[in-house]
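**Student:** Can you read through this structure? Questions will come right after.
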Amino acid sequence: MISVPQFRLTFGYIYEGQPVLPASWQSGFNSISSVGQFFGGFACSWMSDRIGRKNSLLIGLVFVTGGIFGEVFSSTRPAFLIGKLILGIGLGYYLTIGPLYCSEVAPVVLRGMITGGINFAIVIGQLLSNAVIKGFGGRDDRWAFRGPFAVQFLFVAILLMGIWFAPESPWHYVRRGRIDDARRSLERLHGKGTDVGPKLAMIVRTVEEDLELSKSARWIQCFQGTNMIRTLISVGAFACQHLSGIVFVLGFSTYFFELAGIETSHAFDLGVGVTACGVVGVIISWTAINTLGRRKLFVWGMIGMTVVLVLMGILDVVHTSAARWVQASCTVVYALIYQITIGCIAFALLGEVSTPSLRAKTVGLATACQAVFGTVMNIVVPYLVNPDKANLKGKVGFVFGGACLLGTIWSYFYIPELKGRTFQEIDYLFHHRVPPRKMGKYNLDEVDDAL
C-alpha cells in the first residue's frame, strides 16, 4: 500500500514535491501487524489445544474482521495503526492453525504438498492485492487505498462459509480422549467406506507414546532434549525467509521500482508480475517437494537467492536505465526461486518436525518468532530504502546477500529431509538423535515393523 500516492498523501507529507510517509510511521504500519501476529500465535497455540482447531480459527476470524474495519474506515495514523494490530492478531491465528491443521489431516504422501500449499494462499493473496491496488491506486480520493482493504471482506465471507464443512482434527480429539469423535472425523476425511481403524490406532499409539515420554505438554519442553532441535528447525526455517530479504524484495517491490526511477504505472505492472511469478513458483513447488525433497530445495534455494541479492546490489552501482530493468528482472527471478523453495518448505517443515504433544505450541512459537523477525525487518527496511533516510535502494541487496549466506550455512546443517516419513518415523529419528542433515538417508527398514 505504500506505493499508492493517495495513501502516502493521507498519512504522510510532501517531500520535494512527492508524498512521503514518515519512516517512523511507515515502520510502525509495517511492523504492528507482526506484533499482533506474535500475540495471536501464542494465544492460538494455547487455545487450539483446548477448544480445537476449528473453533480457534473462528476466533481468529473475529479479529481479522475487526482489523479490516479499522483499516477501511481509519483517517488518522493512530486509528489505522490499531486496525493493523487487531488484524495482525487474527493473522497470527491463521498462520498457527494453517500448518497445524493441514499436517494433521493430510495423508503422508500429500502432507508436504498440502502444508506447503499454505504458501500458495499467501501468494495468491499477494497477487490479488497487487492487482486490486493497481485497479484502485490511480484514484484521487481515499478509496484508492480503502478499496483494496475492503476487498478483504470477501475472503472473510468465503472462510466463514467453508469452515463448517471442515472436520475437526482427529489428532486433537485423540489427545482429548474423544476416540469416537476422532473416528468420525477420519471417516469424513477418508470416506465412510474406508476402514479408518488402522489410521486411528496409529494416531492413538503415537499420542500415547509421546505423552509417556513427555508426561505433560509445557512450553519449557519445547527447549528441552531433542525438542530443542525441533524448535530450532521450526524457528530457523522462518528466520531464513527473513534473512533472505523477503520483506525488502517482495514486500517493498513496487515502491522499490518507483525509487529506482521506473514510472509508477510500470512499477505497478512489475509488482503484479513479481507476484504472478511467485504463483507459478508455488505451483512448481508442489511437484518439486515430493521429487527433489525438502532439504535440496531449501539449501539450493538459499544459495540461489544469495547470488541474486548480491547481483541486485552490484547493478545498483551501475547508473543506467538498462541496469534498472535488469535489477527489476532480478526481483522476478528471486520471487520464482523463493516460492519454489523456502517459501513452501518452511511451512511443510513446521507441520512435520514437531512432536505431537507439543505441535500446537511449537507452531505457535515459530509463528511468534516469525512475527518478531518481521517486526525487525519492517522497522529496518524503510530506514534503509526511504529517500529521506539511508536511500540505499538496490544496494540493500549487499546487506541481505550477506545475511542470506549465513542462512545458507545454517540450513546445510539443520534442514532435514522428511519426505515420505510418518510422524512415528520422524519421532524415532529425533529421539535417537540422528543429525538433521542425515535424516533423509537414514535406513528405517529394520525398525518399521516395531513402529
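Each Cβ is built from the backbone N, Cα and C atoms, and glycine gets one as well.
Pulled these from TrEMBL:
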{"type": "DOMAIN", "residues": "1-419", "note": "domain 'Major facilitator superfamily (MFS) profile'"}
{"type": "TRANSMEM", "residues": "56-73", "note": "transmembrane segment"}
{"type": "TRANSMEM", "residues": "79-96", "note": "transmembrane segment"}
{"type": "TRANSMEM", "residues": "108-129", "note": "transmembrane segment"}
{"type": "TRANSMEM", "residues": "149-166", "note": "transmembrane segment"}
{"type": "TRANSMEM", "residues": "232-256", "note": "transmembrane segment"}
{"type": "TRANSMEM", "residues": "268-290", "note": "transmembrane segment"}
{"type": "TRANSMEM", "residues": "297-319", "note": "transmembrane segment"}
{"type": "TRANSMEM", "residues": "325-350", "note": "transmembrane segment"}
{"type": "TRANSMEM", "residues": "362-384", "note": "transmembrane segment"}
{"type": "TRANSMEM", "residues": "396-415", "note": "transmembrane segment"}
**Student:** Take a look at 56-73, 79-96, 108-129, 149-166, 396-415 and tell me which one has the most Cβ pairs under 8 Å to the transmembrane segment (325-350).
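**Tutor:** The stretch I would name here is 108-129.
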**Student:** I need to check the long-range neighbours of the transmembrane segment (232-256): which residues 6 or more away from its ends have a CB within less than 8 Å of a CB in the stretch?
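**Tutor:** Sequence-remote neighbours of the transmembrane segment (232-256) are 2-3, 30, 126, 130, 133, 267-268, 270-271, 274-275, 278, 298, 302, 305-306, 309, 312, 331, 334-335, 338, 342-343, 345-346, 349-350, 353-354, 362-363, 365-366, 369-370, 373-374, 376-378, 381, 384-385, 393-394, 396-397, 399-401, 403-404, 406-407, 410-411, 414-416, 436.
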**Student:** Tally Cβ pairs under 8 Å between the transmembrane segment (149-166) and each listed stretch (56-73, 79-96, 268-290), then give the stretch with the top tally.
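**Tutor:** The stretch with the most contacts is 56-73.
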**Student:** In the predicted model, what is the mean pLDDT computed over the domain 'Major facilitator superfamily (MFS) profile' (1-419)?
**Tutor:** 85
**Student:** Could you name the stretch, out of 108-129, 268-290, 297-319, 362-384, with the greatest number of CB pairs under 8 A to the transmembrane segment (79-96)?
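**Tutor:** Stretch with the highest Cβ contact count: 362-384.
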